[in-house]
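Copied over from TrEMBL, here are the features:
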type	residues	note
DOMAIN	9-396	domain 'Major facilitator superfamily (MFS) profile'
TRANSMEM	12-35	transmembrane segment
TRANSMEM	55-73	transmembrane segment
TRANSMEM	80-99	transmembrane segment
TRANSMEM	105-126	transmembrane segment
TRANSMEM	138-157	transmembrane segment
TRANSMEM	169-188	transmembrane segment
TRANSMEM	215-234	transmembrane segment
TRANSMEM	254-275	transmembrane segment
TRANSMEM	282-301	transmembrane segment
TRANSMEM	307-329	transmembrane segment
TRANSMEM	341-363	transmembrane segment
TRANSMEM	369-391	transmembrane segment
Amino acid sequence: MNIEKPSFGQVKVTATGFFSLFSIVGIAFYGLPFFYDFWVQDYGWSRATVTSGNAFGKIFIGMFAFIAGWVIDRFGPRRIMLSGILMGGIALIGLSVVTTIWHFYFFYLISALGYMCGGPLPNQVLISRWFTTTRGKAMGIAYLGIGFGGMLVPQLAKKLNLEFGWHQSLMLLGILMILIAFPMIWFVSDNPEDAKNKHQNETPKVPLGTILKGWPFYLLLIGSICSIGAVAGTSQNLKLFFSIDLKYTQQQSANVISLVLAASIIGRLLMGWLADRIPKKYVMILIYAIVAGSIPLLYLASTPGVIYLFAFIFGIGLGGDYMIIPLMAAELFGVKVMGRIMGIILTFDGLSEAFSPMMVGWMRDKGGTYANGFATLMVLGAIGIIAVSFLPKENNKI
């Protein structure tokens, strides 16, 4: 295999992806659940309510993900990423001062829009434009930002909470997001200067309608919906499960959540490395199996040490889950329509991310236990594995 040597521009793009995902996903997406129990305890809101903020935002932006993908394909990812980082930071600042449900929903909507504009979708397109043979490695390194952000935020938030209280802590995290990511995005370019010589630009553009008529698109869509639902339903309820059900201290909860995100770093590097060397379909099946197989360990959470085993295994699967979808999409359909393809996929994945945590929280509120919710997440994971197993290794017609 001819492995391309990274240019300065490629290094800059990878670093930009790292810091933007560190901020918009690591801090905002994985950091916010650390504050769920404060809203429950201070304002008396239910678990379903605090997890429904994520659902409300994802449902709203799901209607616009395809439009965002079209804009990215047409005008490039840089400008939309700049707006996304600003929206994500402002959302956290707003959420730090809300006291009413409608304010909570409003700023969660802004956070979700920031996630769409500054998170995985534009970064996936940006990296895919700049890389070919080492796309998996580059995507894996960029996605490390999510792991480092999510790993550090619980520890940082805990210290800030002790010093300033949770309101000011959340506000400072929003400011930090903007300071970290905005300058990096400002100085990056949408395309390499020698784009005309790149393999992906030599490949003819396949009409979107042709792709939508083929069964590989729908298998990828179903697989991603199910596995993303399993990941989101689990990760968005962990802090509630630890703090309220298992009676963990803030320190104990922070340690386990940090281990999840630390393990996700290993998962991103490992799965990115594998994706450049073996068919991405098999990497995807492996990731989905790890996610589904880790959830049963939550039933044994009271057994000493098991929760740390869960955190490590689940973290590896989480690290690869979001990253493998655009790699598989690029393998099957090419990069010229990737913004639109991923826009469609992220629309439905966003609905899965929205309803899955809320559904699990609702089951816990009604049944008094997470047992049924966790079982549902395992079924979702299994369906995802089955769907992906029928994917071709590559689309030879495209």
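Using N, Cα and C of the backbone, Cβ positions are placed for all residues, glycine too.
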- Item | Local confidence of the prediction over the domain 'Major facilitator superfamily (MFS) profile' (9-396), expressed as mean pLDDT | 86
- Among 55-73, 105-126, 254-275, 307-329, 341-363, point out the range having the most Cβ pairs under 8 angstroms from the transmembrane segment (80-99). 105-126
- Task: With pairs restricted to those 6 or more apart in sequence, evaluate whether the transmembrane segment (138-157) and the transmembrane segment (55-73) have 3+ C-beta pairs under 8 Å.
- Result: no
- Folded-back contacts onto the transmembrane segment (341-363), same chain, C-beta under 8 angstroms, at least six residues removed: 46-48, 50-52, 54-59, 61-63, 65-70, 72, 112, 116, 120-121, 124-125, 208, 211, 217, 220-221, 224-226, 228-230, 232-234, 236-237, 240, 325-326, 329, 333, 370, 372-374, 376-377, 380
- Message: With pairs fewer than 6 apart in sequence excluded, do the transmembrane segment (169-188) and the transmembrane segment (307-329) have three or more C-beta pairs that lie under 8 Å?
- Response: no
- So, does the transmembrane segment (282-301) come close enough to the transmembrane segment (254-275) to give 3+ Cβ pairs below 8 Å, pairs being at least 6 apart in sequence? yes
- Query: Same-chain Cβ contacts of the transmembrane segment (215-234) under 8 Å, 6 or more residues past its ends?
  - Reply: 54, 284, 287-288, 291-292, 295, 298, 314, 317-318, 321-322, 325, 328-329, 332-333, 341, 344-345, 348-349, 351-353, 355-357, 359-360, 373-374, 376-378, 380-381, 383-385, 387-388, 390-392, 395
